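First the structure, then my questions, so here it is.
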């Protein structure tokens, strides 16, 4: 066993002595040592129940004849961090999480790992670590939150609350109505109930094969999630016996399938960023053009909030992720069904008995929302290395208009609230990319304000930052190269005409190459917003969004 490094041989007497101080007995040294990587944090609703969750995982590991050791990671609640300096720390926290898990697990030579994530950057951070460490691993997330209901019976979620702010600001609802939405938008523990980033990543974890069937859709408060815990411990033991590791599971084909599910569900645009980072950790050469190829062959089968009034509980009721995958598998060439997963079985075997139980929620191949996926990769002179739009969250497929430029999210939000944005405008929020932000903050507050004011179909928003999974409308993010790297978005001037063509996958500014070259020569890189601390270091090391915004290792040659 891998853990023999710290427990076998006469020279490991000091190590065993220390381990006995934690409560171990001699007989425990013949059992696999299992890292329980938890993320219990009281300020995050999706994680406040994970303390008890961790206890159940440890019980299940002991029952399977293994020895559990629990530790915790940090986390950031993107909703609470939204709209202020805290959002700069969200994406960088992914790297800290990955590094911290790598540190604990490799320092103590565990034989296997069960990861308990749930929310936005915590799931991909742990997944990156699992691929980096590459020991048998199973993921069991904390589960989605249920949707809420206002006193009038209206179904609401977190995106309803954000959009309620814009609606109140524009006089569409009263303060009492906003308070009613606030009080009921997040009714329980769990990851926010729509197809936002947390749930998108937990669903992708399931299709990648690192988590068990049901991981993405079974609610946090559903007793079936406890059954998942028991299964996870049993399956981990099998993975250890068969030496099946994350890099055996997360192949190029698995990533294709993850993006295929993402397209079928219209998941968060953040999945592109995180899954490219996973490919990097797995040592795979996977670029955005391959994502676009997946998008072209996968139909959009279900719309989940914010693209509709359906939520994760409805997806679960309709058959869950397995039912979506089973329906997708009917179309030749969409999925790679014979690859191994954390169940010890193939994807084909995992979904063999799944079926759609509500075709209003999960559409059939014969009745898709669209013939192509709910995410699109756009390119053009404004995004030479690519940009991402959640095409399934807008009915508008082509938009052209003059740009209104803001050099920060704060500046943009103030301008929107002051009425500086009107119908037909293209709002540009720049210098908010991985380096420029720093941290590539999400733009949920501006998009929600625009939607809440009733301008969601009449105003487009472009940014080198990110969008929350709760964002909707004509929102193009991840524009690469970013402004801080001298990308074309930095060269835009007020009133330049920008064209977004979703069907043709184009993002263009109607300015000649000669004029752009002239502007590039005159452009000067702004001073970094942050020069010290973690964010200062992050801004120096982070790479572009089109490569997953991973950190580059200095070249020592």
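Heads up, the Cβ atoms here are built off N, Cα and C, so glycines get one too.
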Which of these, 400, 411, 432, 442, does Swiss-Prot say binds Mg(2+) at the same site as 78, 120, 121?
442
Show me the subset of 78, 442, 468 whose Cα is within 10 Å of residue 119 ([2Fe-2S] cluster binding site); these are the recorded positions I mean.
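For residue 119 ([2Fe-2S] cluster binding site), the recorded positions whose Cα atoms are within 10 Å come to 78.
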Are there residues of the same chain, six or more positions away from residue 468 (active site, proton acceptor), whose CB falls under 8 angstroms from its CB, and which are they?
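Residues satisfying the criterion: 78, 79, 82, 196, 197, 268, 270, 442, 443, 444, 447.
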Please report the three-state DSSP label of residue 78 (Mg(2+) binding site).
helix
Can you check which residue among the binding-site residues 78, 442 has the largest number of Cβ atoms within 10 Å of its own?
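By the 10 Å Cβ neighbour count, 442 comes out on top.
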